[in-house]
Amino acid sequence: MKKVTIRDFIKKKSMKEKITMLTAYDYPTAKIISNTTLDSILVGDSLGMVVLGYTNTLNVTMRDMISHTRAVARANPPQLIVSDMPFLSYEIDVKSAVKNAGLLVKAGSDAVKLEGGEEIKDIIRAIVKAGIPVMGHIGLTPQRFLRLGGFRTIGKTKQEEEQLIKDSLELEDAGVFSIVIENTYVDIAKRITEKLNVPTICIGAGPYCDGQVLVIHDLLGLSEVTPYFAKSYVNLKEIISSAINQYIIDVKTNKFPEKQHYKERES
């Protein structure tokens, strides 16, 4: 599989070919993904919740994102690597936003993702001008859950719906190569997708987007709580627990280690 680029994203939209994206936060996971035909890996700030044990993404730092981006990049996957810019890494001023985006690219990312609408269009424009591809993110933006009043579906009012449409158009105008739409109503996501020339990637926004993204821990059945919009394709939590329990039994009953697991001196 050849390296996926942002041009491939645009091409897939024009050909009506769905884009596939999953999160990954470490080398082993990225190595497994590298042997599949997945289009893109998202090194998401969701690592704060599914890897680091925080209750939200606000505690994730640039140091965290750089470290995990490097781990994923070391697997040398052909997938497009997109790294989240964490909370307060781009909101303060344009200069620091461009610098932080550059640090993620130096760590091995092919593009960065920013949460927000028209209020960050100038920041996006500056990052793109610096030569760094940007993916937008509208709808439920977890870094802004305090302002949104919690993790909720966005677009319940006509005002929210029209703001989402406006945000998507402003982000496209600012130069994003694609936009994640999270946790909004299916008709709104469809409307946005039809209006834009750049592809949309949905998570909890229905089947009419140009692609889908999931947190890999949800897909593998490893999450403590799986969101309603995610699908678990296997229950690894149960499989891992069973393996650990069997290991405990084998050690206590002297079934492990067996002869093939150690060396004896030759007499």
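Using the three backbone atoms N, Cα and C, a Cβ is placed for every residue, glycine included.
Computed from a predicted structure; not experimentally measured.
Its own atom aside, the Cβ of Asp45 (Mg(2+) binding site) has 30 Cβ atoms within 10 angstroms in the protein chains shown. Following the DSSP three-state reduction, the secondary structure of Asp45 (Mg(2+) binding site) is coil. What Swiss-Prot records for Asp45, Asp84, Glu115 is Mg(2+) binding site, and it gives sequence analysis as the kind of evidence.
Lys113 (3-methyl-2-oxobutanoate binding site) falls within a strand when secondary structure is assigned with DSSP. Feature annotation from Swiss-Prot assigns 3-methyl-2-oxobutanoate binding site to Asp45, Ser46, Asp84, Lys113.
The active site, proton acceptor feature in Swiss-Prot is assigned to Glu182. Over all protein chains present, the Cβ of Glu182 (active site, proton acceptor) has 22 other Cβ atoms lying within 10 Å.
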Rounded to an integer, what is the Cα-Cα distance in Å between Lys113 (3-methyl-2-oxobutanoate binding site) and Glu182 (active site, proton acceptor)? 13
Of these binding-site residues, Asp84, Glu115, which scores lowest on Cβ atoms within 10 Å? Glu115
Cβ within 8 Å of the mean position of the Cβ atoms of Asp45, Ser46, Asp84, Lys113: remaining residues of the chain near 3-methyl-2-oxobutanoate: Thr23, Leu42, Val43, Gly44, Leu47, Thr57, Val60, Met65, Ser83, Met85, Pro86, Glu115
Within 10 Å, the Cβ with the most other Cβ atoms among the binding-site residues Ser46, Lys113 is that of Lys113
Taking only the binding-site residues Asp45, Ser46, Glu115, which one has a CA atom nearest to the CA atom of Glu182 (active site, proton acceptor)? Glu115
